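Database features (TrEMBL):
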type: SIGNAL; residues: 1-17; note: signal peptide
type: DOMAIN; residues: 173-213; note: domain 'EGF-like'
type: DOMAIN; residues: 214-253; note: domain 'EGF-like'
type: DISULFID; residues: C218-C228; note: disulfide bond
type: DOMAIN; residues: 254-293; note: domain 'EGF-like'
type: DISULFID; residues: C258-C268; note: disulfide bond
type: DOMAIN; residues: 294-333; note: domain 'EGF-like'
Amino acid sequence: MLKALLLTMLTLALVKSQDTEETITYTQCTDGYEWDPVRQQCKDIDECDIVPDACKGGMKCVNHYGGYLCLPKTAQIIVNNEQPQQETPAAEGTSGATTGGVAASSMAASGVLPGGGFVASAAAVAGPEVQTGRNNFVIRRNPADLQRIPSNPSHRIQCAAGYEQSEHNVCQDIDECAAGTHNCRADQVCINLRGSFACQCPPGYQKRGEQCVDIDECTIPPYCHQRCVNTPGSFYCQCSPGFQLAANNYTCVDINECDASNQCAQQCYNILGSFICQCNQGYELSSDRLNCEDIDECRTSSYLCQYQCVNEPGKFSCMCPQGYQVVRSRTCQDINECETTNECREDEMCWNYHGGFRCYPRNPCQDPYILTSENRCVCPVSSAMCRDLPQSIVYKYMSIRSDRSVPSDIFQIQATTIYANTINTFRIKSGNENGEFYLRQTSPVSAMLVLVKSLSGPREYIVDLEMLTVNSIGTFRTSSVLRLTIIVGPFSF
């Protein structure tokens, strides 16, 4: 470590980069260097920039390959590639310099830094420039010493390999890459270094033997969020359908198809990586899952409407026949034309039935009968014509629906006048030629008309129901008729 030398400055040897024939690794760099992933090589660490307060005592920090120097603020460094000269005689009071060392006029100390660098600190520098034999550095005390460099262009200095004399008689680096004097292969990139050059593979390639081979970045996760596509010297990321690359060209973000390009005919719902279409009520998705087709509700069920179902775009409606109106959207209800509009005359009475109305005479009595009260006709006893006729005829009207279930009680007949010691019998006098009805006596003074056959309308039946009254000794006999008009509606509702 040259502990006995009295040094003003300690010179450092230049580190010459060498090509390696092995594959470049990503982490193996010596101390004082770090891996450059872009240039695919180790690069020097600038300790003066990253080490806090690297030099003490007012010294200035000078970065160097693999380390750094601590020099006086007045010191300067120039490259000197002259061949080693004879040792410069030391100034008065010094002890001289050893072979290959540095001659100085004052005390100097040196130490080793991590990474192979050196720290050189000096209290003062006196006398002429201090030369080195191997490290090619000359340390000057102050900027004024630069004037001592010979300015005569004819004065040639010798520069080390990789350097050349400049017009200022200073050895400067030769850019072999720009001059084309390098020997890099066609598939390599020339990198100029101080005093030399290096042949590196282009970014995205690595050296394997003598060749540069492509680095498959897709095998080194995690590059891409979803899909990685390797290309010569590079790569790019792709996203699955329904996603797109973010601004960082790495992350995939969902595409909101409902906002970007809504293809749905009616309703669109975005989901991760895709979208789904839905239809409004009354429609269903077609086979392409985008468009909507109307649902024919009338074909799905025969019970939607009581009478008739009408399909409409996206919905359906119910219709009723003439004489009916729609209630609760689906049911048909008879319209009472007698309460709204009818064509009956003043001498007629309006009778409503299911699906329509009829006009009947207000006075239905025919000679020799006379009207005694509403709908009641009586044959006078004083008239000889009334001897063999029923004493009274009462007119009644009723309406039933078509296809009514049978047997069914539909009308009750009852005596209005009860005589003592008499017997009442009931029978269907007329209007039951086809046996649609049956009269069942329910008490001594009443009977029930029963429908025994289903009737289909529209149709009108006039049935005479007779009540015979006879006293217990057979001396008194009379009859009365209830003329019942039954109107069967055209529908079962």
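Backbone N, Cα and C define each Cβ position, glycine as well.
No curator has checked TrEMBL annotations; they are predicted automatically.
Bear in mind that the values here come from a model prediction, so they are computed numbers and not experimental data.
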What is the number of other Cβ atoms found within 10 Å of the Cβ of C228 (disulfide bond)?
19
Number of other Cβ atoms within 10 Å of the Cβ of C268 (disulfide bond) across all protein chains:
18
Counting each residue once, how many in the domain 'EGF-like' (173-213) are helix, strand and coil under DSSP?
4 helix, 18 strand, 19 coil
